[in-house]
Every structure is written in C-alpha cells, then in structure tokens.
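Heads up, the thing below is written out as structure tokens.
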Amino acid sequence: MSWLLLMALLLSCSRMSSAARLLEEVPPKEEYPHPTVPELPKPELPPYPAVPDEHPVPEQPKPEEPHPVPVPELPKPELPPHPAVPELPKPELPPHPAVPEHPVVPELPKPEEPHPVPELPKPEVPPHPAVPELPKPEVPELPKPELPPHPTVPELPKPELPPHPTVPELPHPEVPEVPEHEMPPKPEPESKP
C-alpha cells in the first residue's frame, strides 16, 4: 500500500514539473481577467490502514566471503645510482669594511641662561585727592498753615419708631386621637406529641 502511495506521489511530482516547464516555455498571452474558480469540496480520503508495530524481517543468509587470492610479489625495479653532485667552490666574499669607532663629540658649551628679569618698581600712585565737605544748605522752616477748626456736627434727634406690633396668639386646632391598631393574637405553637 505504501509502495503505491510513493509511486503516485512521484508521478504527480513529475507531471507538475513538466507542466511548470511548459508554462515557462509558452510565451505570455494577452492578459484577460481571471475567471472566478469555485472552491471544490475536499475529497474525503479513506482512513489509513493500521500498520502492525513489528514486521517480521526474515534473516538473510550472509554472503560467503571469497577466498583471498595470493598476490605475487613483484620484483623491485633497480634504480640507477644517484649522480654525485660536485661541490661548488664557495665564492670569496670581500672583507667586511672596518666600522670606525664613534667619533668623539666635543661637549658644546651650555647655553647661558638668560638673566632674570628685574622686577620693575611699582609706579607710585598719587594719593586720592580729599573731597572737601560741602556745607549743607540751610533749609528755612516753612510755617505750618493754620487749619480752620473742625466744625462741630450737631447731634440729630433719634427718630421715634412705632411700637412693634404684637402677634395675636392663634388657637391650636384640636387633633382627634387616632385609636391604636389592634393586632390579631399570635397563634400558639403546636405542641409535639
């Protein structure tokens, strides 16, 4: 069953790839509006058959190993003797020129340090001239103006108010007494036998 499913999958894949190749090779036609394709209902697949847990695998006979064939030893080829390389004479290098010793550098006289700059005397500032005190001008006292005496306000007589009217006592209305509502007597609880 699984072998058939694998074959069907391989065939469908090869068909799809050939169809895709044809689509690539065909020149594009004029574009038309795509028709609406109705959605097809999904086909209901039959339930997958239950596979048993363990498949009995028959033991295959081991292939017989072939007997080792003896390999004949081949004779080693004789190599010609290595030719002797003649020793080349070492080229005579010219003698290394003698490096003269470092010449003695005469000590240069130390540059004389410049003389310190003498401090200049501070210029004498003349003392600040004293400002003479100016005499305060005498301000003549002005005579106080004489104010007229405060006028006396005559006391006004208090107006006589009319006597406060007395409120007559109103008679209280007689409220009739409401009779108390009589409650029905409470039922006595039944005695249990």
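Placement of Cβ uses the backbone N, Cα and C atoms for every residue, glycine included.
Nobody curates TrEMBL annotations by hand; they come from automatic prediction.
For 35-50, 68-100, 117-134, 145-170, the entry in TrEMBL reads compositional bias 'Pro residues'. Feature annotation from TrEMBL assigns compositional bias 'Basic and acidic residues' to 52-67, 135-144, 171-193. As annotated by TrEMBL, region 'Disordered' applies to 25-193. Positions annotated as signal peptide by TrEMBL: 1-19.
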Cβ contacts under 8 Å made by the compositional bias 'Pro residues' (145-170) with residues that lie 6+ beyond its boundaries: none
Secondary structure tally of the compositional bias 'Pro residues' (35-50) (DSSP, helix then strand then coil): 0 helix, 0 strand, 16 coil
Tally of residues which DSSP labels helix, strand or coil - the compositional bias 'Basic and acidic residues' (135-144): 0 helix, 0 strand, 10 coil
For the compositional bias 'Pro residues' (117-134), residues assigned helix / strand / coil by DSSP: 0 helix, 0 strand, 18 coil
The compositional bias 'Pro residues' (145-170), counted residue by residue under DSSP: helix, strand, coil: 0 helix, 0 strand, 26 coil
The compositional bias 'Pro residues' (68-100), counted residue by residue under DSSP: helix, strand, coil: 0 helix, 0 strand, 33 coil
